[in-house]
Amino acid sequence: MAGEHGRAPPVSADGGLRRTAAAIMLFAVALGLAPAAAAADKAGKKGQEATIELIEQKLEERLVPLEEGLQGRFEQQGQGIGALRDVLDRMSQGVRANAKSIEDLKAKLEENSIRVYERLSAEKNLVERLEALSARLAADKSSRAGHAGGRRTAPGAPNPAPQASSPSVSGAQPAIKVQAAGTARDAVLRPETAPAAVEPYDGATARLLVATLLAFAVGLGLTLLETPQLQPWAVSHAALRNFAVAAVLILAYFTIGFGGLFGEADPVSGGEPADAGLAADVADALRLYRLGLVVVGGLIVSTIVSDRVSLPGAVVLALVLGAVAYPVLGLWSVSGPGLSRHSGWLEELGFVDFAGATTLHSFAAWVALAWTRAFPVGRGFEPEGSAVRPHVSPVLFGLLIVWAGWFGLILGHQALEEPRSAFLVLNTLLAGATGLTVSLTYWVGARRGAGVGETYAGIAAGTLSGLVAISAAVDAVAPVEAMVIGGGAALLQPIASRLLAERVVREDRVAANLIAAHGVCGIWGTLCVGLFGTAGVFGFPDAGRIGIQAVGVTAVLGFGAAMGVLGVLGYRGLSRLRGVALEP
């Protein structure tokens with residue numbers, strides 16, 4: 001219990017020694033020193049100090065080796081940890097090197113995969129071409145066998161001389177190249193001296209021939225559009241005039257135009273096909289197609305001028321167009337596969353006019369405009385002053401022929417390239433159909449009070465304007481954009497026609513309709529290359545492209561007006577010298 005002042009009773013010295021001895025014994029037992037503890041207990045109080053010293057000595061003897069062992073183990077473990085750290089560093093470096101190697105290997109695998117895919121695609125295309133070639137060769141062999149069987153000679157008759165194969169191309173290289181001592185013309189005249197080496201044929205000649213036939217059909221359609229709106233006495237004159245214009249254009253462009261455009265030899269001889277990098281029959285087919293385009297351009301001028309000039313005047317006009325105007329314009333703008341050395345300055349500038357919206361149609365309209373201004377004699381009126389009522393059926397039939405032939409004008413421009421016929425025909429069809437629909441809506445709705453003949457002529461002109469406008473950008477726009485181009489042209493045509501009829505070509509609604517359709521709508525279609533011919537559908541217009549197109553349009557139309565004035569001056573000079581009648 002506590003004392004008087006709350007303190008614990010003091011502990012005696014004997015009790016403290018006993019407790020100390022007991023603690024030392026317990027500690028000694030824990031360390032495995034039980035014998036020393038027993039000796040200390042027997043020694044009593046006097047031996048306690050000796051026992052403590054002995055225990056301390058034993059503890060030191062045991063602890064010193066333990067400390068040395070622990071220190072040695074710590075040193076060994078430190079060395080092991082350092083070695084392990086070195087190993088880990090080397091492993092991390094190796095992992096990083098391996099990761100980089102794997103990335104490089106992955107990149108090489110991707111690159112090789114792309115190359116393999118391209119090679120497989122090329123081989124697949126090659127296999128397809130070889131299969132098509134084999135089928136054509138087999139068909140040609142069977143066809144020749146059939147012809148040979150049908151032309152067997154009588155017994156004893158001499159065998160006919162072997163015929164030289166006709167040449168063709170595959171791309172820009174000749175497909176069947178005539179190898180003879182003379183020229184290709186000599187090989188045709190002397191087939192027995194011209195061994196031929198047959199190579200693949202890709203159908204470029206056939207496509208050009210079909211396009212040429214369709215282009216000439218456009219000329220027929222334009223004549224049918226014109227004649228129902230003339231006075232009866234002028235119908236036969238118009239047909240004869242168009243035939244004369246076509247004939248003179250063909251001769252003038254063949255002798256001067258084509259040779260100057262594609263040949264580097266004497267242009268009067270027509271140039272050598274090899275100068276353009278083409279085989280003989282493809283060059284001839286290309287010559288035919290370009291003759292068809294020139295005839296269409298000349299008939300556009302002739303149809304607009306119509307009975308304003310006499311037959312000699314039409315001949316002079318054809319000479320100016322075939323010998324001067326279209327050859328120079330071709331040197332400005334014509335280039336293409338196999339004709340890389342013949343790109344004009346407009347092509348190098350970046351001017352795009354795929355099928356001649358400006359270089360063919362607007363140019364012809366501006367030449368005709370100069371003639372209509374020089375000879376302002378209105379057509380479409382009877383002698384007593386009443387207006388001629390055009391026959392509806394020939395107008396619609398002529399429009400149908402023009403529309404069908406327009407596909408030839410479009411497709412012939414890509415006959416030497418990989419064909420995209422379906423896409424081009426689709427855009428042409430949609431533009432014409434949209435032009436017809438918009439024009440029909442306008443004339444039936446807004447111009448309901450107009451006469452039947454005027455309405456049908458306006459609908460035909462609106463449809464024609466859609467076809468003209470899409471000619472420039474037919475390969476560069478989406479189908480829905482082609483519809484917008486054709487519809488915009490059909491809206492623009494009646495406005496331009498009314499302005500022309502009121503202020504420029506007075507009292508001649510037919511000329512105003514045609515100049516608006518070919519001239520104004522051709523400009524619209526050419527500018528649409530920059531408006532719609534951009535990335536995506538209805539993408540942002542390309543201002544730079546629009547500027548280039550505007551420069552090309554200005555140059556071509558200025559040249560057209562100059563050629564028209566030149567033709568008028570030449571015609572008037574000829575009439576003064578020879579007494580040729582200016583009027584029909």
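Placement of Cβ uses the backbone N, Cα and C atoms for every residue, glycine included.
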Pick from 172-193, 480-501: which range has transmembrane segment per TrEMBL?
480-501
For the transmembrane segment (313-334) and the transmembrane segment (546-569), does the number of C-beta pairs under 8 Å, pairs 6 or more apart in sequence, reach 3 or more?
yes
So, does the transmembrane segment (480-501) come close enough to the transmembrane segment (395-416) to give 3+ Cβ pairs below 8 Å, pairs being at least 6 apart in sequence?
no
Could you tell me what the rest of the chain brings near the transmembrane segment (480-501), counting residues at least six beyond its ends with Cβ under 8 Å?
426-428, 430-439, 442-443, 447, 458, 461-463, 465-470, 473-474, 507-509, 511-513, 515-517, 520-521, 524-525, 528, 532, 537-538
State the non-local partners of the transmembrane segment (354-374) in its own chain: residues 6+ outside its ends, Cβ under 8 Å from one of its Cβ atoms.
293, 296-298, 300-301, 304-305, 308-309, 317, 321, 325, 329, 332-333, 409-410, 413, 468-476, 504-505, 508, 511, 514-515, 518-523, 525-526, 552-553, 556-557, 559-561, 563-565, 567-568
Within-chain partners of the transmembrane segment (208-227) [C-beta distance under 8 Å, separation at least 6 from its ends]:
235, 238-239, 242, 246, 282, 285-286, 288-289, 291-293, 295-296, 299-300, 303, 306, 394-395, 397-409, 411-412, 415, 460, 510
